[in-house]
Amino acid sequence: MHGLLLAAGLISLPLHVLAHPQPSSTSLAGRAVDLNEYRIGHRSSYTSNDEMMKQPSIASFRAGTYVEVATEMVKQTMPNMEFRLVDDHYIGQSGIGHVRFRQTMHGIDIDNSDFNVNAYDNFYQIGQDGKVLSHGNSFYTGPAPESSPVQKRDFSDPMQALHGVRKALNLPIKAEGATVENMSEHKVMFKGTSGALSDPTAKLCYMAKEDGSLALTWRVETDIGDNWLLSYMDAKDTGKVHNVVDYVAHATFQVYKWGLADPTEGNREILTNPWNLQTSPLTWLADGQNNFTATRGNNAIAQYNPDGGNDYENNYRPSPKNLKFEYPYSANMDPPKTYIDASVTQLFYTSNVCHDLYYMLGFNEKAGNFQVNNRGQGGKGNDYVILNAQDGSGTNNANFATPPDGQPGRMRAYIWTRANPPRDASFEAGTIIHEYTHGLSNRLCGGPANSRCLNAIESGGMGEGWGDFYATAVRLKPKDTRKTNYVKGGWVNNSPKGVRMYPYSTDMSVNPLVYTSNNQLNEVHAIGTVWATMLYELLWNLIDKHGKNDGPVPIFKNGIPSDGKYLAMKIVMDGMAIQPCNPNFVQARDAILDADKNLTKASNKCEIWKAFAKRGLGVGAKFDPKNRIGSNEVPKECK
């Protein structure tokens, strides 16, 4: 999703709205279409480890690989269901095997019906073979079509679906004279169109609807820059849109060092070889085939993009022959293009440090991270992050597009016009970390091959909340305590109030948000603020118990971060991979508890419960999209 801004028009909480009202970031830019109308609904269930222990028949299976165990579990749990194994399974850094299955009907995918199993493998977890930690499920259980629509040819031509999505969403794509080419069974590509950054495609698939029925659709994929859309068009009535998913969420280096949120927190420094060879063994300036003297390498490619276009490879980027990426910058310089070298360098630096830190915490090749060359470590390569500094396609925002593993991510950092002179988003680390974290959460939740699992309203909200949480955790200072409050986007927006409803604070009088606040919120950034507030409580509960490592990287003991800050970042990340597709807050909370149970044998159970319960997500909390029920209760052993 788009990354930073808070939408206007929030329903009446007793809120002191601290952000300037902004247009909703879930709209199609300039085309008056609200994508919130087409969000996928919450259908997933999540069975936590505590619930699994009550069902011993499905908690443990005959010893085998984690994939075999997971497959057997799905067969037993969903007998007579047709499904396929998704080719993105892996064993995570914490020893959990993550396996995902897609439900099919007559050989056609049900695109929003998934089953994910978190299981152990005896090779990695001695004595745990055959055991399942938890699972998530959104399989369709309603009536099935009697026969295959492919045999009956009971669907429209895919070109009609492309025309339908153009008209329904008012897309700037022209398809007159375009041709259709077969890519694979049930999937085609449209050649000869204009207005999209790549050739649109269409795939025949089913969608499980919230009313319990099944719709045959054409999934039309269109990348138009500010939006990278998967539009599910009815395969019979191609003017009808069922759902829409948007992938976009909005040497020596002289930079603001990692940990400084923006130029007000410190001065620029010259850093020599700032990469971590454990996580970037090719350095930031090589990809195993080529050595570069510009801001490109295995993890990212950064450039100036004033026209907002797609031809990034031929765009300008700093390329000092002596590898000294040292350029002048002051927040008082104007116009912004006069310091573009410094801007691109800063964006390249911050994004690469994100890559390295997240790698240490578990976002590696197998988990679907962003690299050209995966060096035989699993996953799909050829997907560095395209970093566009001073992108001309917008202002006062930033965004990140996350297609599935094997396709490059794309970040756009804009100029902000709230100050005079304008401010460049590349210099606010919190904005860049927030955007990069969209790539992290979209690749982990649902698995590397599925970037459609943060589309439901609470799921999308958590996508925004994770971005704020990681950006805030990184900026903590040595003297900070749980009484320290932080705003989001204060510098770039030229406002001490930032761009969120409230500061992040453990003080209920400063930030009163609780789980039931979501009943009055219908915009992902607002809902994300509630989620990040809960995670901020969790962060400080773990810091109070384990202390705070103020260094730039975690210190591990037996695979566990030794301090509370990095431990919180680790279990939140592990929870992303454990939870089901399109989770709600309750399911994501349970996934974090299961992540801690796996990593530390639940030694932080009460700290986690108390953090969530303080903000209304306690034992009795229940999800209902229209009437969430809050709870401040913790388990009896935590009272």
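Glycine is no exception: its Cβ is also placed from the backbone N, Cα and C atoms.
Per Swiss-Prot, the features are as follows:
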- Glu435: active site (ACT_SITE)
- His434, His438: Zn(2+) binding site (BINDING)
- Asn291: N-linked glycosylation site (CARBOHYD)
- Asn598: N-linked glycosylation site (CARBOHYD)
- 1-19: signal peptide (SIGNAL)
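Note on the glycosylation sites Asn291, Asn598: the fewest other CB atoms within 10 A surround the CB of Asn291.
Here the Cβ of His434 (Zn(2+) binding site) has 29 other Cβ atoms within 10 Å, regardless of which shown protein chain they belong to. Here Glu435 (active site) is positioned 27 angstrom away from Asn291 (N-linked glycosylation site), judged by their C-alpha atoms. Every protein chain considered, the tally of other Cβ atoms within 10 Å of the Cβ of Glu435 (active site) stands at 32.
Note: the CA-CA distance between His438 (Zn(2+) binding site) and Asn598 (N-linked glycosylation site) rounds to 25 Å. Between the alpha carbons (Cα) of His434 (Zn(2+) binding site) and Asn598 (N-linked glycosylation site) lies a span of roughly 27 Å. All protein chains shown were included, and the count of other CB atoms within 10 Å of the CB of His438 (Zn(2+) binding site) stands at 29. Glu435 (active site) and Asn598 (N-linked glycosylation site) are 28 Å apart (CA-CA, integer value).
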